[in-house]
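Since the structure comes first, as C-alpha cells, the remarks are kept for the end.
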Amino acid sequence: MPELPEVETTIRGLSEVLMGEKIIDVKVRRASLRRPIPSDIQERLIGSTIISLSRRAKYGIIVNDRDDALIFHLGMSGRWKINPENFEKHDHFVLQTKNNFIVSLYDPRRFGSLDLVKKNQLLEWSYFRNIGPEPLTGNFNPEYLQKKLFSSSAPIKKILLDQKVVAGIGNIYACEALHQAKIHPQRPSKNLNFDEITSLVFSIKNILQKAIAEGGSTLKDYARPNGELGYFSTKFKVYGKEGEQCECGHTIERYTLGGRSTFLCSSCQK
C-alpha cells in the first residue's frame, strides 16, 4: 500500500502539471472504487481552477477556486498517470486541463477512493478528524511520542502504524525506521526510554525524507505520475529481505505482527 512518501511524491508530481490549471473536462470511466466516486464530481470540478495540492497522512488533496477539495487515497495499487498514451480498463477517473494536461487515476484492485468535500470541512472529515500529527513536522517530537507510549504495553511497531498516533506511516517505513533506531518491533512501547524514543523519532523522519527524495518505493504497482519508479526500495535494509544478511552479518528474520509481515534483525534490534 502506498504510504506517506509515495503520496507525497504523487502530489509533487501532479503539482507540476495541475497547479493553477483550469479544468475543462472530467470523465468517470468506472465509478466502482472502495467507495463510489461522487455523482456530482463533474459539475463541481469542470470550469474551476486548481489552487492547491497537498497531502494529509496517506491522502492527497486537490483544492479548486470553488473551495471544493478532491481527496484521493491510492489504496493497494492505485497511481496517477500524466498524459497517458491510451486509457486502460482500470483508469477510473480522468481530468483534463485547459493547457491539455490529462491525468488519470489508475487502480486495478479498486481499494482506492475519491471523495469531494468543502475545504472548510476538511478538518472534520471523518478520515481526518482523529488523525495524528504529520511525522515530518515539529509536532511529532520525542516529548509527544513519549506521552503516547507512556502507558501502552502494545508492541512499538503497532503503535507506529496507528494513524491516531502519527499520520502516514505504514508497514514498510515502520520496519525500516525501527531497524535504523535499533529497536525490536515487539518491544512493549512503555519500556522505551527517552533516548530510544528520541532515536526513533529521528529515524522515522530520516527514513521518510530519504524515501521522498528517492520518489518512494516501488514494490509491485506503484509508480510516480510521470511513470518513473520509486527507488527507495533499492535502499531497504530489512523490509522484504527475509533470509538475507543484515549489515551486521546476522540473518534478517520475518514474522507476523498484527496480521502484517514484520522484518527485523534480532541482533541489531533489541
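Every residue, even glycine, has its Cβ placed from backbone N, Cα and C.
What Swiss-Prot records for Pro2 is active site, schiff-base intermediate with DNA, and it gives similarity to another entry as the kind of evidence. Here Swiss-Prot flags Glu3, Lys58, Arg260 as active site, proton donor. Per Swiss-Prot, the feature DNA binding site maps to His90, Arg109; the stated evidence is similarity to another entry. The feature zinc finger is assigned by Swiss-Prot to 237-270.
The closest partner of His90 (DNA binding site) among the active-site residues, by CA position, is Pro2; the full candidate set was Pro2, Lys58, Arg260. Taking the Cα atom of each, Lys58 (active site, proton donor) and Glu3 (active site, proton donor) are about 6 angstrom apart. When each of the active-site residues Lys58, Arg260 is scored by how many other Cβ atoms sit within 10 Å of its Cβ, Arg260 comes out lowest. According to DSSP, Arg109 (DNA binding site) is assigned to coil rather than to any helix or strand. In the structure shown, across all protein chains, His90 is the one of the binding-site residues His90, Arg109 with the greatest number of other Cβ atoms within 10 Å. Counting only same-chain residues six or more apart in sequence, the Cβ atoms lying under 8 angstroms from the Cβ of the residue listed as 'active site, schiff-base intermediate with DNA' belong to Thr10, Lys58, Leu74, Gly75, Gly78, Arg79, Gly216, Tyr222. Secondary structure at Arg260 (active site, proton donor), taken from DSSP and collapsed to helix, strand or coil, is strand.
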